Amino acid sequence: MPRKGTQPSTARRREEGPPPPSPDGASSDAEPEPPSGRTESPATAAETASEELDNRSLEEILNSIPPPPPPAMTNEAGAPRLMITHIVNQNFKSYAGEKILGPFHKRFSCIIGPNGSGKSNVIDSMLFVFGYRAQKIRSKKLSVLIHNSDEHKDIQSCTVEVHFQKIIDKEGDDYEVIPNSNFYVSRTACRDNTSVYHISGKKKTFKDVGNLLRSHGIDLDHNRFLILQGEVEQIAMMKPKGQTEHDEGMLEYLEDIIGCGRLNEPIKVLCRRVEILNEHRGEKLNRVKMVEKEKDALEGEKNIAIEFLTLENEIFRKKNHVCQYYIYELQKRIAEMETQKEKIHEDTKEINEKSNILSNEMKAKNKDVKDTEKKLNKITKFIEENKEKFTQLDLEDVQVREKLKHATSKAKKLEKQLQKDKEKVEEFKSIPAKSNNIINETTTRNNALEKEKEKEEKKLKEVMDSLKQETQGLQKEKESREKELMGFSKSVNEARSKMDVAQSELDIYLSRHNTAVSQLTKAKEALIAASETLKERKAAIRDIEGKLPQTEQELKEKEKELQKLTQEETNFKSLVHDLFQKVEEAKSSLAMNRSRGKVLDAIIQEKKSGRIPGIYGRLGDLGAIDEKYDVAISSCCHALDYIVVDSIDIAQECVNFLKRQNIGVATFIGLDKMAVWAKKMTEIQTPENTPRLFDLVKVKDEKIRQAFYFALRDTLVADNLDQATRVAYQKDRRWRVVTLQGQIIEQSGTMTGGGSKVMKGRMGSSLVIEISEEEVNKMESQLQNDSKKAMQIQEQKVQLEERVVKLRHSEREMRNTLEKFTASIQRLIEQEEYLNVQVKELEANVLATAPDKKKQKLLEENVSAFKTEYDAVAEKAGKVEAEVKRLHNTIVEINNHKLKAQQDKLDKINKQLDECASAITKAQVAIKTADRNLQKAQDSVLRTEKEIKDTEKEVDDLTAELKSLEDKAAEVVKNTNAAEESLPEIQKEHRNLLQELKVIQENEHALQKDALSIKLKLEQIDGHIAEHNSKIKYWHKEISKISLHPIEDNPIEEISVLSPEDLEAIKNPDSITNQIALLEARCHEMKPNLGAIAEYKKKEELYLQRVAELDKITYERDSFRQAYEDLRKQRLNEFMAGFYIITNKLKENYQMLTLGGDAELELVDSLDPFSEGIMFSVRPPKKSWKKIFNLSGGEKTLSSLALVFALHHYKPTPLYFMDEIDAALDFKNVSIVAFYIYEQTKNAQFIIISLRNNMFEISDRLIGIYKTYNITKSVAVNPKEIASKGLC
């Protein structure tokens, strides 16, 4: 926070937030980093940011938003928090040498002292460590912070250490320090105005210090932990909202604390992007509407042209059927001749001999394969048997280890029991000597007490003699009774001693039997537990053995089903992929169909009608070229629009037809005149291996290639004009060159091209394949259905995979449980047998140790007799003693002040005498029973040692057995490995034999094929077959001339091939010929514009392109708009949630501090808190509501403190430093604030500088600051401790 006279640091932390120090940790004026997201302060930077468009994707923008900051600490009881233990100042400001300030209390510490003594230097020292600039510590530069006085001059540096630790609060002032949580942060300033930071003695940068303190909850960003002198009332006086981008009001202050301020910048970015996308979308929408209007205008002519092409296609189909019918009839005749040839079969002796040899070789190889398979099966069986042996040995190993574990545990228990028995032996041996010492010591003490009793009785008698006149009668009666009581006392003591001795003898006599009964009870309980465990595990094994086969069977079925489903999924995915490619190819084919103009359309119509045969079509439509060369060939080849015909005569007929119909003019290429170019079409050597355009053209009919050479000649294509220039002007020859951009260099040297538009689209990139739009729609529907089915299969597969995983897990768990329970059954059986034996032994021991009934009865009768005797004597003595006490009490009441003290001494001595008598009796009983107990303990030692030897032998035997099992297992593993090593060689031999067998089979098949070929080579039928084949060839040629027109976006339809059944159904081919004539007549009557199809298609493609662009930008706009709305809602929700918590706590705090006032944070605009900001309104007690600016100094202070404590409730900070926050408060309010700090904020450490006694008197720790000889010193006291000792 700033010093006096400045704006409050909580309201202006952006301006005061210091930049980080240099990377090496040394700087001339280091200070904290400003909070993230608020680093740009100059206006120019803000303007630049607003002008530049953020082109990041929506995902990148959303991912760049940091998450809400986690709380560094909580208000929960028992939660750890940070506290300052003490501060060490070394030559800092007024502190010379090393001065320790503290220790500070975990809750409430007050710093007091006279003005000018250096109180504020305590906070300056903390600001110095926390990285504030020298100006913020009331100094011009860092070197001024070094102490300088008459006694201490020329000091080169000053250092401040702030020591921290993390604690967990307990009741009262107590707390628990979290282990290894202590650390300290120090900063050293030197004379050259540089400073360095250390954390626990290690040199660090300020960034490291800041991260460490922030991680422990110290709010360096908002400085809420620091309120300096004179600024407390200004915290609540912030404006509702900052007036500029870099100003901060109450709204921005709360936003940063709540954490929703991180969303402000992304919201601005998304808002700007939505505005820009709306503008772009409007442009795209206008383009769509324009293209749609143009497309609709062409639809009528397009439909007429399609009808014409459909009729022509029907003519071609019927011609195709007639030709196929003739081919089918000829093929039937050829098939009949082939049947005759097959009947003629020559015996081939050589082939049969070879076949017999191969058959014998196959038998031999089959025998070798069977022998090898026997070896392979034998080794495999051996490996499996060894694996089963290893599994059995592994189970035995588990059982032996369980037994060994039990025996080892038993040995340890016996060792402990032996140690205890030996200790008892030593104890019983020492009992007689100890008891005699006790008797001697007690007797000596008893004698001394008797003497002391006589003295005290004499003193009592003397006192009573002095009071004889007043109590003479009572005294005589009391003396008489006391004499009588003394006679009874000796009898009571003797009777009690006899009774105690008799009772001890009875207890000792019965102790061994009672111990045996206790051991038997424990053993029976262990036996019951072992039996129940064994029963449960056997039941579990039966249950698992029943469920495991079912689970395995279900798992196998599900795995097979999953495998089948996986294969089905793969097939469907492949099918969908192939179908998708076909659909895309069909759509592309429809989009690439070109229309023809009126002239070309009319010429093609004549061709279809048969009136002018020999017409091929437009040259550009008869070939294809890569899209890369589209501009080049469209620019340099004007002949692409020429019409190709068979001969010049046909070309002349076409010219005459155009003249008669007055349709227009056209240029024709006659193929009969193109043969002269055949020799020049071969590949040639070109400069720089530049490609020749002619070589790049693809054609369906090779006759057309001559026409393309006529049109292109040796024109070369270059990447750019520079290359074209180099290639065109060669020394020995000039070339005609065209660039990819359409620029042409002629052989004469002239150059053409350039301009704003280029020519393209006169030749397609692929040969046209006709397909209908209906077929495309069917393919798309099929693709959609197959995709849905693939998705369903995928979902079924996921569910099945989950079921298989669960079944595998269940199977594995059952197998492990079965193996573990099976291995433990034997151990439990042995344990049950052992416990049965132990119970029997203990039952025998109980019987053996059973006391003699007569002796027990005799001892019990002795105890009863002595007790009766004691009760009778005690009753008589009790009556006398009661009478003595009555008389004594009567006398005491009369002479209470004079006799009470003396009587108390006498009573105390009597009590000690009774204790001595009891001790002597117990010691005598112990001496009598020591020998008997010693013998029992020694017997127990011998039994335990024998059991230990037996157990050790059992451990050795089990260890040897375990070693033997391990050796057997190692041998089994060795044999298995040896067998597995030999397995690959035999497998390889087996594979080689199978391969040889396969070769023999292939040779045999080849021999059979040769035999069949020889049989078919009969010359007597070849002449007839050749004649029919010649006719078939003719009709095939006629079919090859037929091609269907591509119509709209339908897939290009291939000429259909009729099945034999369809061809058999044709009875009269002449009727089809008549139908063809009728269709041709209809076509001749129509006058369509075939170019309308291409024009309509172009407009439709453009329309779909524009619609796709519009959909794309609409989707993008909607995505950004939705993200914008979501972020605004998230920001509002986060802010209002924190706002309600803070304002409710503020109201509660203010009411408590003012004893009846009211305060709240109000939304200036209730619909949008971010538009006008937050207003702080206050109603002091017994006053009306007022704005914060209209309050007195004390009222502002209370309001600010209420807000500070409300923010602490919402976002706790472990430390608070406050400098004279009570300066503007009266006596009453100071007490209220002090009491509130003491009682309500128990989860934070408050260090307050105060001169008000009703503030610092209530604190838990006082830090006194005073100055002598220009040096500040300190002393820490605990006011409550001083008050409890009565020192103040």
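Quick reminder: no glycine exception, Cβ is built from N, Cα and C everywhere.
Predicted, not measured: the structure shown is a model, and the values here were computed from it.
G116 (ATP binding site) falls within neither a helix nor a strand when secondary structure is assigned with DSSP, and so counts as coil. Cβ-based neighbour count (10 Å, all protein chains) for G116 (ATP binding site) stands at 10. The feature ATP binding site is assigned by Swiss-Prot to G113, P114, N115, G116, S117, G118, K119, S120.
What Swiss-Prot lists as coiled coil is 272-588 (among others), and the listing cites sequence analysis.
The coiled coil annotation in Swiss-Prot covers 767-1020 (among others) and is backed by sequence analysis.
The annotation coiled coil is assigned in Swiss-Prot to 1109-1129 (among others).
Taken from Swiss-Prot, the feature compositional bias 'Polar residues' applies to 1-10.
The compositional bias 'Low complexity' annotation in Swiss-Prot covers 39-48.
Residues or ranges marked as domain 'SMC hinge' in Swiss-Prot: 613-727. Counting residues of the domain 'SMC hinge' (613-727) by DSSP class, helix then strand then coil, yields 64 helix, 18 strand, 33 coil.
For S22 (among others), the entry in Swiss-Prot reads phosphoserine, with the evidence type a large-scale study or a structure entry.
The feature phosphoserine is assigned by Swiss-Prot to S28 (among others).
According to Swiss-Prot, the feature phosphothreonine maps to T39.
Positions annotated as phosphoserine by Swiss-Prot: S41 (among others).
Annotated phosphoserine per Swiss-Prot: S50 (among others), in sequence order.
The phosphoserine annotation in Swiss-Prot covers S143 (among others), and the record cites a large-scale study or a structure entry as its basis. The secondary structure of S143 (phosphoserine), as reduced to three states from DSSP, is helical. Other Cβ atoms within 10 Å of the Cβ of S143 (phosphoserine), summed over all protein chains shown, number 19.
The N6-acetyllysine annotation in Swiss-Prot covers K381 (among others). Cβ neighbour count for K381 (N6-acetyllysine) (all protein chains, 10 Å cutoff from its Cβ): 11.
Under the heading N6-acetyllysine, Swiss-Prot lists K679 (among others), citing a large-scale study or a structure entry as support. Listed in sequence order, the residues of the same chain lying 6 or more apart from K679 (N6-acetyllysine) and placing their CB within less than 8 Å of its CB: none are present.
Listed in sequence order, I379 are the same-chain residues six or more apart from S982 (phosphoserine) with CB atoms under 8 A from its CB. The phosphoserine annotation in Swiss-Prot covers S982 (among others).
Computed over the coiled coil (1109-1129), the whole-number mean pLDDT of the model equals 90. Within 10 Å of the C-beta of S120 (ATP binding site) there are 23 other C-beta atoms, taking all protein chains into account. S1056 (phosphoserine) falls within neither a helix nor a strand when secondary structure is assigned with DSSP, and so counts as coil. Using a 10 Å Cβ-Cβ cutoff, P114 (ATP binding site) registers 11 neighbours. Cβ neighbour count for G113 (ATP binding site): 21 (other Cβ atoms within 10 Å of its Cβ, all protein chains included). Within the same chain, residues at least six positions away from G118 (ATP binding site) with a Cβ under 8 Å of its Cβ are K93, S94, Y95, I1265, K1267, T1272. Within 8 Å of the Cβ centroid of the ATP site, not counting the listed residues G113, P114, N115, G116, S117, G118, K119, S120, the chain contributes I1265, Y1266, K1267, T1272. With a cut-off of 8 Å between Cβ atoms, the residues of this chain six or more beyond the coiled coil (1109-1129) that come close are 58, 61-62, 65, 263, 266-267, 270-271, 273-274, 277-278, 280-281, 284-285, 287-288.
Once Cβ contacts within 10 Å are tallied over all protein chains shown, the recorded positions S117, S1056 are led by S117. When Cβ neighbours within 10 Å are tallied across all protein chains shown, the highest count among the binding-site residues N115, K119 belongs to K119. Ranked by CA distance from K119 (ATP binding site), the modified residues S143, K381, S1056 have S143 at the top as the closest.
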